[in-house]
Amino acid sequence: MLFSELSQYLNRLEKTSSRLKITEILAQLLKKTKISEIDKLCYLILGYLAPPYQGVEFSLAEKMMMRVLARAFVVDKTIILKQYKKGGDLGVVGEGLWDTARHTQKVSVLQAYERLLAIAQESGEGSQERKIVGMVNLIQGLDALSVRFVVRIPLGKLRLGFSEITLLDALSWMISGNKKHRKEIEAAYNVRADIGFIAKTIKKDGLSGLKNIKISLGTPVMPALCQRLSTPEEMIEKMCSTADDLVAVEPKYDGTRLEVHFKRGKQGNRMVKMFTRNLEDVAFMFPDVAQALSQEINAENVILDGEVIGYDQKTGHLLPFQETVKRKRKHAIREESAQIPLRYFCFDILYYNGRDLLMMPFSKRRQILRKVVPPFCLGRARTIILSPQIITNDSQVLRRYYDKQIRKGLEGVVAKKWQAPYDVGRRGFTWVKFKHAKGKKGGGLTDTIDGVVMGYYRGRGKRAGFGIGAFLLGVRKGKDGDRFLTVSKVGTGLIDKQWREMRRRCNQVRARERPKEYDVDKNLQPDIWCQPAIVVEVEADNVTRSPIHTAGLALRFPRLVRFRDDKNVGEITTVEEIKKLGEMEKVRNK
Ligand code: ATP
């Protein structure tokens, strides 16, 4: 396929806001695509060159792109800057300059992909200049519309308003003209979270090809997630439907979820990957955990699931999430490793010495895990620790275990069906969390809400100095939804530093107009719109009905807890979940 043809599709997608229509257009596009190009095409239309866990980055900032355009179209940089300030989109600026370009060549999707990849992979001395030259050459051969999209990709600004999830629907639609195969396609994607690979498999072997998709060491598996229930009684009732059913109950750690892939090998040959919930490889942040894997675990190769958390050596207490994430600043990792040692609490095993364990019941997986991470160790402190647990089907026992964790300063507990397989990527009732409410005077919703920052309002009074006084919070419409509805205007709970941080982040993803996936009442329009990119965790005292918020619900006394960089917008709380939280609050207060 020629890139110019792909651009026609991208143009149609950009103008479309109906999710169904987008799915249909994508299905048409995928149908026309050849086996040899479908994986690359999927990456490109999502605005990247490889699945995010491979960490391929462009390192091409806006200033550099302005230099690219100035050179490609032989115009002064000041003209480009002026046009950019006016419209806010360098892709459109490039498209507008196009008529001065000379020869348009027939660039295929594969050629454009390979050239973009080569640009991204440039490194070392002189690489900035080589990146610029590479972009100039590519752009000069393209038609005007293609320039618009190719300029946006390295800037991370393609954002056509759909995600991998919509592509899963589109793959089903490509086969049958409807979404009926979505479930089985998603099941394969959950085991092998590479949309290009899934699309290629379907194109080549049809749906039957998906049956052969197995867990692959080094490629992330979608982590299992928790449901919530209001009381231990409800948990036992729902999770233990027969007298023989049991649940394992474990402490709920407030750290960072890490799925660790490890393969032993001679120095330099071993493999360590650590995936966050949004499937980014963050192994560079945890060199001490990587080191401990070689020394402490009994396995040749393994995929472990667990939570990493800071540990205070003096008191023996676990540290709050905020302390642990200080390591995000790349340069500070060495210092932080020394100051804040970590513990990796391991609670599951998905792969062991070449064997896929996903379908094995938890009771059996745990037996293997105990061999890999022995529960007791004599003599020296360990970094990798087997999460403790109790096995029960008695709600009183569950409640007492929960109380004990709260006294220890933990968040609560997670109950897990003892005989269930690992529930990849599902928020089913295989795992259920029971958390402590942190609201005023112990009240408040039993759980926090993860929402997207849709935009912000300029402040008045003291806040005018920050240029931000409140932000608009959105949640997802429906489990698979790519649409966002408003649920709150949040103006409290942030200290000065956080307001500055919020404004900085918002300005990085600023949109010129309301993103098409947002439904917002006209009386709530923020001064500055943001692309759906920033995920925040918010706590609130209650949920009320609302005539102005498009979710139909509003949060009472919402307060920012933290930025959730480990979650992407596809994972935020849904309207239905908020409704349920409100109902749970009523049950608790009866
Ligand atoms: P929360 O906001 O409640 O921390 P979340 O929104 O990040 O949770 P949930 O699916 O609601 O995600 O809760 C599951 C999370 O709890 C897991 O992703 C994991 O990070 C954390 N967790 C802590 N301890 C455990 C445990 N023992 N077993 C499973 N998950 C645990």
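Going from the start of the chain as shown, residues are counted 1 onward.
Each Cβ is built from the backbone N, Cα and C atoms, and glycine gets one as well.
TrEMBL lists Lys252 with the feature active site, N6-AMP-lysine intermediate. If you look up TrEMBL, you'll see Glu250, Arg257, Arg277, Glu307, Phe347, Arg427, Lys433 marked as ATP binding site. Annotation comment: TrEMBL describes 335-465 as domain 'ATP-dependent DNA ligase family profile'.
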Return the maximum Cα to Cα distance in Å (whole number) over the record's ATP-binding residues: Glu250, Arg257, Arg277, Glu307, Phe347, Arg427, Lys433.
19
In whole Å, how far is the residue listed as 'active site, N6-AMP-lysine intermediate' from Phe347 (ATP binding site) when you measure between their Cα atoms?
10
Cβ contacts of the residue listed as 'active site, N6-AMP-lysine intermediate' (under 8 Å, same chain, 6 or more positions away)
Gln405, Leu410, Glu411, Gly412, Val413, Val414, Lys433, Phe434, Lys435
DSSP state at Glu250 (ATP binding site), helix/strand/coil
strand
Helix, strand and coil residue totals from DSSP for the domain 'ATP-dependent DNA ligase family profile' (335-465) stand at 37 helix, 39 strand, 55 coil
For Glu307 (ATP binding site), nearby residues of its own chain (Cβ under 8 Å, 6 or more apart in sequence)
Tyr253, Gly255, Thr256, Arg257, Leu258, Tyr344, Phe345, Phe347, Ser387
Helix, strand or coil at Arg277 (ATP binding site) [DSSP, three-state]
coil
How many other Cβ atoms sit within 10 Å of the Cβ of Arg257 (ATP binding site)?
17
Specify the count of other C-beta atoms within 10 Å of the C-beta of Arg277 (ATP binding site).
19
Count of other CB atoms lying within 10 Å of the CB belonging to Glu250 (ATP binding site)
21
Taking DSSP three-state, what's Arg257 (ATP binding site) in: helix, strand or coil?
strand
Taking every protein chain shown into account, which of the binding-site residues Phe347, Arg427 has the largest tally of Cβ atoms within 10 Å of its Cβ?
Phe347
Take the domain 'ATP-dependent DNA ligase family profile' (335-465) and average the pLDDT across it for me.
87
